[in-house]
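Over in TrEMBL, the protein carries these features:
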- C:22-248: domain 'Cytochrome b/b6 N-terminal region profile' (DOMAIN)
- C:50-75: transmembrane segment (TRANSMEM)
- C:121-139: transmembrane segment (TRANSMEM)
- C:151-171: transmembrane segment (TRANSMEM)
- C:216-241: transmembrane segment (TRANSMEM)
- C:262-286: transmembrane segment (TRANSMEM)
- C:339-361: transmembrane segment (TRANSMEM)
- C:381-400: transmembrane segment (TRANSMEM)
- C:420-441: transmembrane segment (TRANSMEM)
- C:524-547: region 'Disordered' (REGION)
Amino acid sequence: MSSQIESHDDVNDGKTPVRTGDADGLPETREHDPFADPGLPAHKPRIQDLDERAAKRSERVVTLLFTVSMLATVGFILSYALIPIDAITYIWPFGNVSPLNFSLGMTLGLALFCIGAGAVHWSRTLMSDEESAQERHPIEATPAVKAAVMEDFRKGTEESGIGFGRRKMIRNSMFGALALVPLSGIVLLRDLGPSPEGGAPLRRTMWEEGTLIINENTGQPLRPEDMVVGSLVQAMPEGLDLHDHHFHEEIAKAAVMLVRLEPEDIKDQQSADWGHEGILCYSKICTHIGCPATLYEQQTHHALCPCHQSTFDLSDGARVLFGPAGHALPQLRITVNEDGYLAAMGDFEEPPGPSFWERG
Amino acid sequence: MKKLSVRRRHPLAAFVVLIFALAATGGLYAALAPAGEAKADASETSIAIEEGQKLYAVGCASCHGAGGQGSSDGPTLVGVGAAAVDFQVSTGRMPMQQPGPQAPTKPNIYSEEEIAQLAAYIASLGPGPGVPEASAYDPSEGNAAHGGELFRTNCSQCHNFTGQGGALTHGKYAPNLHDVDPKHIYQAMLTGPQAMPSFPDAVLPPEQKRDIIAWLTAVNTSESPSPGGFGLGGFGPVAEGLFAWTFGIGLLVAVAVWVAAHTAKARKS
Amino acid sequence: MSTTTNPPKRETRSGAPAGEKVADWADGRLGVYTVAKSNMRKIFPDHWSFLLGEICLYAFVILLLTGVYLTLFFVPSMAEIEYEGSYIPMQGVLMSEAYASTLNISFDVRGGLLMREIHHWSALLFVVGIFFHMMRVFFTGAFRKPREINWLFGFALLVLAILTGLTGYSLPDDLLSGVGIRFMEGAILSVPVVGTWLQMLVFGGEFPGSLIIPRFFVAHVLLLPGLMLGLLVAHLLLVVYHKHTHFAGPGRTNDNVVGMPLFPVYMAKAGGFFFLVFGVIAMIAATTSINPVWVLGPYRPDQISTNAQPDWYLGFSEGLVRMMPGWEMVIPGGYTLNLGLLVPLIVFPLVFAVIALYPFFEGWVTKDKREHHIAERPRNAPTRTAVGVAWLSWYFVALVAGGNDIWAIHFDLSINAITWWTRISFFVLPVIVFIITRRICLGLQRRDREKVLHGRETGIIKRLPHGEFIEVHEPLSAEKRYALTAHDQPRPAELGPSVDENGVPRKVGPLERLRVRINRGYYGPSGQIPKPTAEEYREITSGHGHH
């Protein structure tokens with residue numbers, strides 16, 4: 001077995017290689033060349049072409065398929081009319097499914113499939129299967145056509161004066177007008193939304209000094225004694241209601257989670273100071289793209305984001321341990337007010353949520 | 001190049017390749033699997049003791065300490081309450097078979113009576129949540145719609161929309177809640193086993209826990225309806241994409257092969 | 001134009017059958033006979049892989065049909081209402097009208113659920129089909145001249161299909177798709193300089209606002225499908241104009257196309273195939289659930305579920321993001337670059353561009369200006385095949401990363417370890433796959449060569465009189481021999497002499513040097529196994545003498 005390229009008689013200079021076989025299959029070389037194209041093989045008949053009974057059988061199969069399709073459509077209509085929409089039935093092996101959905105889908109599927117199967121079987125067994133060849137023609141125009149087109153083009157440009165000195169001003173001003181007119185469309189897009197004001201709305205949230213921390217489950221303000229070590233509470237600022245017009249915009253920035261750790265487990269002193277007796281309140285909006293990073297493991301104090309696995313160490317100022325997040329979750333400074341409820345001591349010191357250009 | 005192609009034809013070549021492939025697969029698995037699973041613990045075998053403390057001394061003390069004060073191998077049990085014991089032991093999580101990222105469920109080896117005895121012993125060490133009444137976790141009394149909202153706020157981040165479970169860091173995971181006894185779901189919320197945070201009654205009142213159980217009963221039991229057909233495990237787009245890449249396109253290509261194939265020719269007679 | 005009163009000849013044929021009369025009528029206005037003459041018996045080659053594109057076409061038609069039905073019921077509004085429909089576990093829950101109307105389609109419109117499922121399965125299979133179709137075109141070299149533009153049309157269709165899928169996935173406004181929109185917001189915010197502006201413009205204010213669903217709706221049902229329809233027509237017209245490629249075989253050359261005529265065989269086959277595809281997808285929808293939005297809940301920015309993934313065709317970008325380390329930097333002037341998001345967002349289109357622009361790269365390397373209508377066997381273009389498979393492995397690694405949490409829980413693996421594996425594999429695996437694939441191709445070429453020279457191994461062992469055992473080789477038929485040797489084997493390019501005929505040093509630019517080096521990788525001794533020559537064949541066959 002040779003592994004070097006030899007000069008083959010069917011390969012010329014590399015830049016314009018020539019195909020073998022079909023290249024100028026001159027009759028006299030065909031005898032010499034063992035790899036010459038033997039040409040389209042003679043058509044061999046199918047059993048249906050020879051045996052009329054086989055052809056009849058195919059015909060019956062095709063008719064049967066089309067008939068099954070008709071019956072399936074009837075079945076579809078009957079299912080639609082008869083099966084209640086809220087029924088649930090166990091159908092092996094799919095489970096407790098809607099019999100309406102199942103039978104509509106199966107009958108529709110069958111009706112369609114049988115039409116297709118019938119048509120294909122018909123074409124495969126009863127229509128001619130003799131292959132024929134059609135010539136391809138080069139796509140490139142002949143030099144004569146090309147010359148004629150160039151001449152026409154030249155004539156056209158000359159008549160309009162576009163390519164020549166005479167009407168330069170028209171041409172240039174037309175290009176200018178065409179270039180400018182789409183600007184109107186772009187300008188119109190300006191009012192798609194308000195100005196970002198250098199990111200100002202992304203920096204402020206509803207948290208202010210004294211804002212009570214509301215437990216999302218109970219809708220009530222939270223007391224420190226409600227939380228035991230190892231517990232997790234999803235919370236929002238006081239004054240925000242699910243029915244508010246701007247609920248989604250506000251909660252998208254202000255959502256927090258509270259965890260309670262043994263105070264000696266907290267590694268970061270500032271973080272401990274910003275909490276209350278081991279209760280820490282963090283923004284739960286991931287700093288990567290903004291998913292709630294609330295997969296809290298109470299033994300390791302890790303909070304994981306389910307979207308891209310950014311992992312934050314809540315015992316260490318929500319430092320990033322793993323994943324694509326670029327910085328820690330902002331911590332909300334909390335205290336206990338005179339009524340014994342947990343309350344914020346102000347807004348987040350840095351913007352919560354995903355980074356943005358002006359974040360700094 | 002030439003040498004290799006010659007040896008490739010050797011009758012043993014296929015076996016060599018197979019062994020390499022198996023070794024590579026095994027090695028890859030060993031590299032990716034969370035560490036710390038190999039050591040067996042002998043303490044799991046002995047059973048059959050009547051009193052809780054005796055049961056404890058045999059089954060639990062080696063990790064949790066003689067008086068439940070905890071050790072380097074297991075946390076303190078003072079104050080975890082009867083609910084925690086009932087949950088951990090009746091789901092088979094405790095006693096743990098081998099150290100690992102997380103204690104998995106396995107067949108429970110204690111009788112109900114023994115579990116009650118153990119629970120009573122642990123509860124005597126310090127006050128903690130007790131085993132809930134049956135009415136507390138009866139799903140028929142809960143509001144599934146409200147439970148769904150609570151589930152999505154508190155639980156779905158780890159357990160998935162319908163409680164199919166999900167991965168946590170370094171081989172830990174939130175288990176699938178399919179057909180889990182409502183009592184155990186209740187106790188888990190109450191006590192916060194292992195990596196799971198706890199949701200004491202002051203944070204998540206008992207009736208809300210029941211609502212959550214009602215939601216799970218509606219969407220993640222063997223009886224839960226899946227109107228659209230086979231549910232693909234409830235894992236969402238990844239499972240659906242895999243199905244499309246295997247069965248879906250597979251069926252369509254099979255049909256295409258049939259459409260394009262040449263019809264059988266008549267044999268020459 | 002003259003206005004003679006003489007009636008044209010055709011309209012006088014009162015005795016013609018009705019169908020013919022209709023055709024005559026149409027011909028007078030549309031010229032249908034002229035069109036039919038050149039197209040009715042147009043030849044299409046038969047091969048299952050040539051039907052992959054049809055799967056996409058039909059999936060698109062199904063998407064249009066079911067999509068129109070869904071718009072009859074879907075309400076593209078983010079106004080909040082309390083759900084009062086018949087799905088009990090959502091009753092009383094506050095949700096957007098978009099989500100409520102999706103529940104309505106699923107539970108209160110008979111057949112609505114089926115239409116949703118057919119629509120969604122078709123969407124997934126549409127993009128899968130595009131992938132398979134593109135693989136077929138790529139690995140057979142069917143993108144070569146004159147089909148490069150059509151390759152780009154197809155690629156644009158892929159991009160549009162992904163965008164249409166993304167916008168459609170977002171419309172129900174459930175907790176899963178809402179997270180997808182949140183991802184988009186984060187992605188837009190990470191764009192340097194104009195990110196915050198873009199975010200405000202796209203969402204009409206702060207995230208999520210109440211405009212994004214209606215805006216996506218218009219893109220999903222009008223803008224994107226409209227663009228796709230136009231491109232699709234252009235794509236098909238070019239297919240008809242170029243005529244389909246076919247595999248080399250006896251009588252199948254670069255200058256003809258061999259197969260069955262459009263009418264009646266391909267009308268029946270292709271028409272039938274539409275119904276088959278539709279039927280299969282309908283049955284998949286009947287039996288297999290997809291996107292059960294009713295258990296996902298309405299979107300709220302403070303809620304999330306694990307297994308938060310996009311549909312598979314964006315799993316690649318999801319994976320790129322998941323495998324990124326947490327890089328972020330503040331550049332002088334106090335501006336933040338969220339590289340953990342920005343880098344994947346740049347890599348994503350670049351990886352796709354590699355495959356989109358490959359035809360032009362290969363054209364530059366080979367300097368091949370001929371028309372190609374023969375679909376090459378992948379083994380006969382080892383380097384191209386290796387590039388394609390390496391690309392697929394690249395794609396595969398990112399897909400694995402995109403589902404890392406699912407693999408972690410199902411195979412008891414650590415999510416961190418999987419992520420690290422994908423981080424390393426993203427750089428290493430394509431290289432390994434490239435080398436292995438190329439070797440496999442060369443091995444297959446070598447086997448073809450053996451087969452041509454020595455015939456097929458029959459498995460029959462014969463004992464010769466002197467005791468030696470030999471396996472009987474059956475010589476190949478002339479047809480088979482031709483099919484195995486019909487492919488091109490271009491010679492590797494050469495830099496040429498360093499001086500021209502006048503002795504003046506020739507200047508060869510660094511780009512040309514690079515081109516020649518790559519070309520030698522394609523066609524040099526390491527890039528292809530020389531196919532047998534007629535002399536070799538004759539020598540061997542006459543030497544054995546027993547043929």
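Going from the start of the chain as shown, residues are counted 1 onward.
Using N, Cα and C of the backbone, Cβ positions are placed for all residues, glycine too.
For the transmembrane segment (C:151-171), the partner stretch with the most Cβ pairs below 8 Å, chosen from C:50-75, C:262-286, C:339-361, C:381-400, C:420-441, is C:339-361.
Within the model, the domain 'Cytochrome b/b6 N-terminal region profile' (C:22-248) shows a mean pLDDT value of 96, rounded to a whole number.
When each of the listed stretches C:50-75, C:121-139, C:262-286, C:420-441 is scored by C-beta pairs under 8 angstroms to the transmembrane segment (C:216-241), C:50-75 comes out highest. Among the recorded stretches C:121-139, C:339-361, C:420-441, the one sharing the largest number of Cβ pairs closer than 8 Å with the transmembrane segment (C:262-286) is C:121-139.
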